[in-house]
Amino acid sequence: METTFRSALVKNFLGQSPDWYKLAILVFLVVNPLVFFLVDPFIAGWLLVVEFIFTLAMALKCYPLLPGGLLAIESVLIGMTSPDRVGEEIAHNLEVLLLLIFMVAGIYFMKQLLLFVFTKLLLNIRSKMLLSLAFCFAAALLSAFLDALTVVAVVISVATGFYSIYHNVASNRSDGNDGNIDVGDDSTLVSDDHKQTLEQFRAFLRSLLMHAGVGTALGGVMTMVGEPQNLIIAKSAGWGFVDFFLRMAPVTLPVFACGLLVCLLLERFGVFGYGAKLPERVREVLTEFDRQATAGRSKQEQVRLVVQALIGIWLVVALAFHLAEVGLIGLSVIILATSLCGVTDEHAIGKAFQEALPFTALLTVFFTVVAVIIEQHLFTPIIHFVLQAQPSSQLALFYLFNGLLSSVSDNVFVGTVYINEARAAFENGVISLKQFEMLAVAINTGTNLPSVATPNGQAAFLFLLTSALAPLVRLSYGRMVWMALPYTVVLTLVGLLCVQFTLAPATELLTQWHWLTLPSIEAATH
């Protein structure tokens, strides 16, 4: 039967996605202008936010860039926002985009070192509880000084390496060369036993990825360089590095301890998708791979590992002291790693950018949705409600509403909007300087902690969800939400209790010890 133009067009639209999914996106595209022009732009704006979250939730059906991009283009065409506003949002977040483009590519060129270090870690720590704790703690420690996206990129690179090694062996490709095999194709596996082992290995990797992902949130909230919005809040409040850490400590340290405890309990009782152990067959494969790699490592390869280790030290120092924009530091890593490790072919260099560029494009689309949120004042009623509450209730309300909005929007945007509103209230004499500082802590912790609830709440989680690794280990949107649920509940509740009951007395105590001083009004208002 001859294919008609219409049927060919329908088949081409969103490719292999299910027909019901294609229909849903078409309905969204038809309904949005009708609601915007005939009902209410405010409702249309929230409808767009819900639809965009839907595309993220269905990431395994179709990469969200396509349907999300169509919705974003339409929102600009019908006037929900303007190209200029989108351009402003991209300009405000240029540092994040540069980070994705260059830092993730830079990590790619340190893959040999990362695989070497983490293979030793994986093989030497046989207890899954201790291994999970090590991943969570290491991710938290790194995220306190590096960006969470960088840390997640490292973990993804390592997990992909482990997965590829076993999949190649299970597919009778013991040479470890994954360049010509689709590691997502289980039909190449030689036996059902290998398939069952691979399923257990996937569950093992999923749990480590989630522990590390939550670890980035636990560490990222502690310091002013941990997350982009932290820096904005610190500047607004006039805090330095040590000041910021001490101000947050009454909330972040108890939350950190409880987060590590949750990590141990989840592995101990094997609930919410955790508890899977490293299969012995996989351990044997990785041990043999490590033995062969060690025995066959030439002097040139040893020098590469040393060079990559030195570049890693440069990376940590440069990021910790903010010697340049994060993305530019990533570019320096690319230049140093390729130059000193002998990677000179354009195609070999180009592979490093394959992982991050689709997500960079998706994040740019996300900034269009954020522009709609700003243009249509979608969060304004919530912000006004919180600011009109009694001072005794403001801390808890700021914390909770920040967490709620950060779960569906951009953390940087939510944190910026709230800190600007709080500062304006202080400048207008509505709240005192002391209350403003307490609110700044509530805003920062509220933006960072409850937002682990959904992948779109944390850029690092979204990056993990849309990475090439996620479908390999069967990590979907729903599964991420389910696995993050115990962390979400504990971190949110402990954070709320600390904000409400321990923040004020602990801050007062630190002030009495002269560890903290109120910044000058000029510092807080500039």
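Every residue, even glycine, has its Cβ placed from backbone N, Cα and C.
Here Swiss-Prot flags 13-33 (among others) as transmembrane segment, drawing on sequence analysis.
Outside the transmembrane segment (98-118), and at least 6 residues removed from its termini, the chain residues within Cβ reach (under 8 Å) are 147, 149-150, 153-154, 157-158, 161-162, 293, 301, 304-305, 308-309, 311-312, 315, 325-334, 337-338, 341, 343, 351-353, 355-357, 359-360, 363, 463. Taken from Swiss-Prot, the feature transmembrane segment applies to 98-118 (among others).
According to Swiss-Prot, the transmembrane segment annotation covers 133-155 (among others), on the basis of sequence analysis.
Through the fold, the transmembrane segment (208-228) approaches residues 93, 95-96, 131-132, 135-145, 147-148, 151-152, 155-156, 159, 234, 239-241, 244-245, 248-249, 252, 255-256, 259-260, 263, 273-274, 319-320, 322, 411-412, 444-445, 447-449, 451-452, 458, 460-461, 464, 469, 473, 475, 480, 483-484, 487, 491 of its own chain, all at least 6 residues removed from its boundaries and within a Cβ separation under 8 Å. Swiss-Prot lists 208-228 (among others) with the feature transmembrane segment, giving sequence analysis as the kind of evidence.
If you look up Swiss-Prot, you'll see 244-264 (among others) marked as transmembrane segment, on the strength of sequence analysis. Remote same-chain residues near the transmembrane segment (244-264) are listed as 129, 132-133, 136-137, 140, 211, 214-215, 218-219, 221-224, 230, 234, 237, 437, 440-441, 444-445, 449, 486-487, 490-491, 494-495, 498-499, 502-503, 506-507, 510, 515-516 (criterion: CB distance under 8 Å, separation of at least six residues from the stretch ends).
Here the transmembrane segment (309-329) has Cβ contacts under 8 Å with residues 95, 97-103, 106, 110, 113, 145-147, 150, 225, 336-337, 340 of the same chain, all six or more residues outside its ends. Residues or ranges marked as transmembrane segment by Swiss-Prot: 309-329 (among others).
Under the heading transmembrane segment, Swiss-Prot lists 355-375 (among others), citing sequence analysis as support.
For the transmembrane segment (395-415), the residues of the chain that approach it from at least six positions outside its boundaries are 49, 53, 92-93, 96, 227-230, 232-233, 366-367, 369-370, 373-374, 379, 382-383, 385-386, 389, 422, 438-439, 442-451, 453-454, 456-459, 492, 495-496, 499-500, 503, judged by C-beta separation under 8 angstroms. What Swiss-Prot records for 395-415 (among others) is transmembrane segment, and it gives sequence analysis as the kind of evidence.
The transmembrane segment annotation in Swiss-Prot covers 452-472 (among others).
The transmembrane segment annotation in Swiss-Prot covers 481-501 (among others) and rests on sequence analysis.
Contact between the transmembrane segment (452-472) and the transmembrane segment (133-155) is present: at least three CB pairs lie under 8 Å, with pairs separated by 6 or more positions in sequence.
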